[in-house]
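Per TrEMBL, the features are:
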- B:Ser64, B:Asn114, B:Glu160, B:Asn167, B:Tyr191, B:Tyr243, B:Val261: substrate binding site (BINDING)
- B:332-402: domain 'STAS' (DOMAIN)
4 protein chains.
Amino acid sequence: MRSVVPDYLTEVLGDVEPDTSGEPADYIPELAAADPDRLGAVFATVDGMVYGAGDIDTEFTIQSISKPFTYALALADHGFDPVLAKVGVEPSGEAFNQISLESDTGRPYNPMINAGAITAHSLAGSAELTPPERVQRVVDGLSAFAGRPLTMDETVCASEMEHAHRNLAIAHMLRSHDILTEDPRAVVDGYIRQCSVLVTTRDLAVMAATLANRGINPLSEERVIPEPVVRQVLSVMSTCGMYDAAGDWATQVGIPAKSGVAGGLIGALPGQIGIATFSPRLDRHGNSVRGVSLFERFSADMGLHVMEVPATGRAVVRSNEVVGRGPDALRVLRLQGGIGFAAAERVVREVVDTAPAEYAVALDLTMVYSIDDVGRRMLLEVVRRLTLDGHEVYLVDPEEIIPEPDPGDGGRVTVVGHIDRAIHSRT
Amino acid sequence: MRSVVPDYLTEVLGDVEPDTSGEPADYIPELAAADPDRLGAVFATVDGMVYGAGDIDTEFTIQSISKPFTYALALADHGFDPVLAKVGVEPSGEAFNQISLESDTGRPYNPMINAGAITAHSLAGSAELTPPERVQRVVDGLSAFAGRPLTMDETVCASEMEHAHRNLAIAHMLRSHDILTEDPRAVVDGYIRQCSVLVTTRDLAVMAATLANRGINPLSEERVIPEPVVRQVLSVMSTCGMYDAAGDWATQVGIPAKSGVAGGLIGALPGQIGIATFSPRLDRHGNSVRGVSLFERFSADMGLHVMEVPATGRAVVRSNEVVGRGPDALRVLRLQGGIGFAAAERVVREVVDTAPAEYAVALDLTMVYSIDDVGRRMLLEVVRRLTLDGHEVYLVDPEEIIPEPDPGDGGRVTVVGHIDRAIHSRT
Amino acid sequence: MRSVVPDYLTEVLGDVEPDTSGEPADYIPELAAADPDRLGAVFATVDGMVYGAGDIDTEFTIQSISKPFTYALALADHGFDPVLAKVGVEPSGEAFNQISLESDTGRPYNPMINAGAITAHSLAGSAELTPPERVQRVVDGLSAFAGRPLTMDETVCASEMEHAHRNLAIAHMLRSHDILTEDPRAVVDGYIRQCSVLVTTRDLAVMAATLANRGINPLSEERVIPEPVVRQVLSVMSTCGMYDAAGDWATQVGIPAKSGVAGGLIGALPGQIGIATFSPRLDRHGNSVRGVSLFERFSADMGLHVMEVPATGRAVVRSNEVVGRGPDALRVLRLQGGIGFAAAERVVREVVDTAPAEYAVALDLTMVYSIDDVGRRMLLEVVRRLTLDGHEVYLVDPEEIIPEPDPGDGGRVTVVGHIDRAIHSRT
Amino acid sequence: MRSVVPDYLTEVLGDVEPDTSGEPADYIPELAAADPDRLGAVFATVDGMVYGAGDIDTEFTIQSISKPFTYALALADHGFDPVLAKVGVEPSGEAFNQISLESDTGRPYNPMINAGAITAHSLAGSAELTPPERVQRVVDGLSAFAGRPLTMDETVCASEMEHAHRNLAIAHMLRSHDILTEDPRAVVDGYIRQCSVLVTTRDLAVMAATLANRGINPLSEERVIPEPVVRQVLSVMSTCGMYDAAGDWATQVGIPAKSGVAGGLIGALPGQIGIATFSPRLDRHGNSVRGVSLFERFSADMGLHVMEVPATGRAVVRSNEVVGRGPDALRVLRLQGGIGFAAAERVVREVVDTAPAEYAVALDLTMVYSIDDVGRRMLLEVVRRLTLDGHEVYLVDPEEIIPEPDPGDGGRVTVVGHIDRAIHSRT
């Protein structure tokens, strides 16, 4: 049997292919010369499966798609405070190449506009790095996100350098505010090198999947950036990633995203998937025309919008019954599904409402699919309170979804692999 | 046993209580006279449980928190296009009372600033309504969100009317652009009445929970607005809800939210929970100081940030084994957890990789907790393709998580309540 | 003999007549219905001569041309400080109907944009006036400038009122900043009435001539406003009168000016002339197309640019000679021309350089054409110093161009009607 | 006798001396180290007299005061169109160091802000010049304005270069819009050299006097720039010279002016005087505190405001009488004062009103002080028309104020040195 995913991708590519509106970027000859008909799309799952259709192995320059990743490297290398002191997180509602500095501090509004991205580049790697070392840090970092060693397109790089007047203007302005502290030309040079890194649509999808996968590259399994950085980067992408079309994107697509002037476009859906598309013709915002259409389709077809309310699932408490009789009676709550705050709250409520008369109480986690930190803490608090109320508590947890459970002060729990063990231990 | 949730709320309220920074709104005497020490917080779950601590039943005026709900009513009453033609969805990066109209069309940037909210008010209910009828439509709508009949504070209303110069300015400007087509004073009058609706923190939490619960009030179980409207409203709240602090909120809290000048603050986390807080002292952005602190705690403590990558769960394919032998052999894939695109993709992959040699294949959904539209469609496509490959396919679905499954063209499936039925039917 | 001026005007009108570019204002039907081909121009001298060509007696609404005059009335009625506290004098570089308030105070940038003009209207007449009384004050004031009783076009007025949304917006915004303290609608109503006053091109030229003539109407010889107000109004017209085309106008025409949307355009050249033109077709700035052309011609042909360096005249000291001999010798300096600072300085220098040995010194003012305040003070200081140096000083001043000369502390002077008197008194 | 002017200057300096508010510029050590107590003022008349008081021979860097002069050189060297295509003339209402480019073309708003001044520097001298040659052209030009060879402060220059980030930003931005076509760093280098030229207060006054004197240096009598350039430069100074305080300056001082960050301030009153002051402490606009006070005093004390309505002088027609009788009768109009358009118009009117019955008519110009181009043309047209009406016309013009008068088609005039000659020639 063939997988349905490639078929789906092929179908959707076919649907958008006839749209030849827009124009490739033409501010340098190398971009203007791009084959405007190229079209590709890739899905990369958080466990490392990569599906693609179309031109997924053609290399093109990463351009602005490098911005969220370099911002992530800066946060990882320096911590949050020094980076936030120099680059804000507010949407500017302006085009990518506006200067957009805060009027008092000169701080760029966010890291997705050029001013912020140039600043973020200067913050990648330790402060002591020479400009070439910093470029190496960035290329290494991007390579870690992609899971393979990336290289630079020297021709594009040289050509960009000749047309870098606006970025030089921005960098000198940043220097005048001491947001940059190094030679502005060296920083712009490094930033242009960063933007000239060659990637394929496949690479971009893996990079996005690394963000979707809490910072761990799903192919190499390398942790590229810590989790709090991932959350920060995805948040900023969601409000500032699509420039002055941020609101349209947030409502119609709802996937944290970033586009590049060479035609690339990525989206990362936390915990689920990294997506990348490639089509060089751009709309007036500088976003790939067919890339935007593809993302609109993906979001609509697959319910990938972050504000999509998930389908209401089955009750987390699958059953609540008493096994055995008399002093041997065991109150068993069989839980199921994923347990976060909302589900844990329902378990708490069930226990409170039940006010079990039985001496022994078991929480059966066998069918629990996942549990997060707050869910675990809440369940353990239930255990503790049951203990304090005089109950003996069992956790049925064959696969150790809560490893080494510690209910804390005054709590006590017995972990068993099967509900029968709880029953038998009682009798 | 007492629930842990009220204890948690009480603890967090205690932590923020000493912070008496900020000042209540003072542009009208009624708001200035509010007891600045009031403090309350409520969680309302999507299945109707309400937890609160502090002053949760004190009534105060809803003010700007009415904005997302009235926008929702406008979208529900007119459909998307007419509303989007008159109110944009782009963050303006400006304070709430800036005029912020698009320079060419005069369209307000978004429905969370006053210009957009006044316009949204004028679009609630059918175009034929008289101004008092429109106010009634809005109050009825807000009441439906709250699950009880709400009333207006006539004193605040009268006082606001006397200080409505800026809103009148905005409304006349909108009228000059034909964004408003009615008498600007009547619209502002109606808008002020909308803002003067009295709510408790409990009401606000239920209203937020209605958004979190796909538009269905979890108490009354009434569908207040359709699902696509919910998504739109939550998206706009997430980018525009906190005015010029949108980026800070998006990164640090990450819950679609809206604040009101009387000290209310709501957040709605899709599929999980509605939250409301009440504390009248405001920061320079006009947001409740302690309200913001509470939300930062809630987000951090409970992993409620929308960009939080959910804990990686157990594999969706719990087991993949053959039951029986020879021609009676049955390939059984036991699935578990919630099935959206990402999980369905893993099932597809498992089937493809397995390339089952057995004639009969069963997908066991007994432990599946939830399934969304794309997940269902993908599983059914797997069924169809297996059929086409010559297999007989069973769906073990005791609770009809996929009701009336139709694998489509050429597909065929037998639904059974227990895996034994599949086995027995084979032998 | 016919005067050359009407011939000149007729010739220039003929030159611009073929230009039918631009469109009449069309935001109300009454303006749109104006005959677009009308064309007129009037020169009014500061001594009351009026020259015209074309449609100079057709009435049309004064519109924004009322702004400088109402600003003048406000300054005259309240003094400078209260008016400057509510309306600035800075060019805004924006179109006339922008709100353009200072961000902190809400003060309109200047009285030539609508926000400032509406505020100026509210400051005309004493603070106690009722709105109709204020309108009467303004109409009376405009009539005093024109030298005849002006009336209002009630049809235009009513129609403007229906389209006054933007002005109402502005007025409510001003009210919200307490720049206006009355009912914004009443102020806008009054402002619209002010703009609906009917004038002819002839009237406008006389109004401008009143500004050029130090505030005294050259026909009625009534002082309409004090001199310091004239200077203020002309200064503001020169920097803010032509909206966003201020710089072009300042360089190419260089005459303090104001245009109106009905096609009028005035210019006032201090001490020389008031000019008005009428042609309803407007350019994109809202200024009369042919009116602008006419002013460019007038400025170029007649050297009327305020930055035109005047032709260097003859020496102010026409002769410096000794009449008589021995102790009867009289040093005579014959002065000529107009004496301001620069000329007086040359007289001073001549006296210093001469260091007259003669006991008697005469300054002969017979051929002096004019003298201003600083010139008079400087000449009298020369007289005083000559006295202190031991000279006897005569002022030959047959027409009393310096009436009752007082050289101050220690100075003494004998005024005679003819130089012979000085000579004879000596012998 | 001592001149009153130095006494006046000394008095006014004494009045402002106690004001020690403000701070010297401190962005480079060399400016911060300036003696903040220095104070000087110089008047330079258009015929070359220089009066000064205080520190008038201390050298300091010219800074932004170079802007109007370099703009003048650019206009002189390239003509108006190429310069206007690259630098506008509109006030920007912004501080000097704002980028302030027109959003579509990237053209700086005016030559008084840095962006415009940098562009003007690049347009000084022919397009073929190398950067050092261009600097030489500018220094030579500034020297011509000052009437002595000026030099550069190399220390300030080097220090400015180290802090030129904002100017480099501006220049790169200009380069990105092709407003600059050369290497932005070379242009900024040249511009900084221009700003580092050393001048004294005396030099600045002479430079200003050169503008006041129609472009001719009153000391060297060299024509530095053509008259139309003077008008353009003074117009732009009057609207844009004092940055964001343009309106205050225009109303309160009313002298075209320019300030520099080293504490210099110049003003040029067309046809009258050049003024310069020096006092290093600056206000928040970057203008010299005491310099501004001095100019306010000068303007108020001496009536130097360009919008000051000149004192009404005596009638231009001093007498209108008939000399002799019968066929020998001669109508004599004795004219006096300065004759521009307004005065000539009165002469025309007198002739028209008189409708002289006498055959011979004489215009006696003996007491005419000055006459400009339009005045001359109008008088000659009167002569022509009198001829056509059958009169014989005499011009009494002993000092040839109208050299070689040509009344044009059909006109004829006899020039005599004294009215007696006209009488005698008739008898």
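Along the chain as shown, the residues are counted starting at 1.
Placed from the backbone N, Cα and C atoms, the Cβ positions cover glycine too.
DSSP gives B:Ser64 (substrate binding site) a helix state. Taking H, G and I as helix, E and B as strand and the rest as coil, DSSP gives the domain 'STAS' (B:332-402) the counts 30 helix, 25 strand, 16 coil. A mean pLDDT of 90 is what the model gives for the domain 'STAS' (B:332-402). Cβ contacts within 10 Å of B:Ser64 (substrate binding site), excluding its own Cβ and spanning all protein chains shown: 23. The number of other Cβ atoms within 10 Å of the Cβ belonging to B:Tyr191 (substrate binding site), over all protein chains shown, comes to 28. Within the same chain, the residues at least 6 positions away from B:Glu160 (substrate binding site) whose Cβ sits under 8 Å from its Cβ are B:Ile28, B:Ile192, B:Cys195, B:Ser196, listed in sequence order.
Under DSSP, B:Asn167 (substrate binding site) is assigned to a helix (H, G or I) in the three-state scheme. DSSP assigns B:Val261 (substrate binding site) to coil in the three-state reduction, placing it in neither a helix nor a strand.
Sequence-distant neighbours of B:Asn167 (substrate binding site) (same chain, 6+ residues apart, CB-CB distance under 8 A): B:Asn114, B:Ile118, B:Val188, B:Tyr191, B:Ile192. When the binding-site residues B:Asn114, B:Val261 are compared by the number of other C-beta atoms lying within 10 angstroms of their own C-beta, B:Val261 comes out lowest.
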